[in-house]
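Asker: So TrEMBL has the following annotated:
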DOMAIN    1-140  domain 'Major facilitator superfamily (MFS) profile'
TRANSMEM  21-38  transmembrane segment
TRANSMEM  58-75  transmembrane segment
TRANSMEM  87-106  transmembrane segment
TRANSMEM  118-139  transmembrane segment
Amino acid sequence: KYIQSFIRETWLKRYGSSPSAEMITLVWSFIVSIYSIGGLLGSSSAGYLSVRFGRKKALLLANIPALLGAALMGLSRLCGSFEMIMAGRLFSGICGGLAQSVHIMYAGECAPQKLRGLIAITASTSIAAGKFIGFALGLR
């Protein structure tokens with residue numbers, strides 16, 4: 001509701017007319033789904049970055065889009081731009097996809113030989129379980 005009201009207010013200030021309910025839903029849906037597009041881009045680049053810079057440096061590099069995304073989303077209200085929220089979520093998704101992929105590789109390499117498989121599967125399973133619980137709790 002907060003994002004939708006922000007879209008409505010911004011649109012009204014910018015164009016002088018209130019957007020239709022369908023337009024607000026479309027923009028809001030795009031804001032929500034662009035995180036997954038960023039995740040796809042981040043996870044696609046994880047292999048290259050982890051080989052080129054190493055696992056630890058790739059994890060550190062993942063912080064750059066996270067900080068950029070946080071700055072964009074944090075300043076969006078001040079600038080009156082819902083597009084900044086879209087860009088911020090895209091960068092946050094890039095960070096999420098990159099960090100998740102590289103983290104599993106890094107954890108598997110740091111673990112003792114006997115525990116490597118367990119560590120890698122535990123990380124993946126925990127992420128999936130967390131997403132499931134989050135979706136389940138978000139249902140009304």
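Cβ coordinates are placed from backbone N, Cα and C, and glycine is handled just like the others.
Relative to the rest of the structure, where do these features sit?
Answerer: Within the domain 'Major facilitator superfamily (MFS) profile' (1-140), the DSSP-based counts of helix, strand and coil residues read 126 helix, 0 strand, 14 coil.
Within the same chain, residues 3-4, 7-8, 11, 65, 82, 85-86, 89-97 sit at least 6 positions outside the transmembrane segment (21-38) and bring their C-beta atoms closer than 8 Å to a C-beta of that stretch.
Residues 38, 42, 46, 49-50, 84-85, 87-92, 94-95, 98-99, 102-103, 106 of the same chain sit 6 or more residues outside the transmembrane segment (58-75) yet have a Cβ under 8 Å from a Cβ within it.
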Asker: Counting only residues 6+ away from its ends, which parts of the chain sit with a Cβ under 8 Å from the transmembrane segment (87-106)?
Answerer: 31-32, 34-47, 49-50, 55-56, 58-59, 61-66, 68-74, 76, 120, 123-124, 127
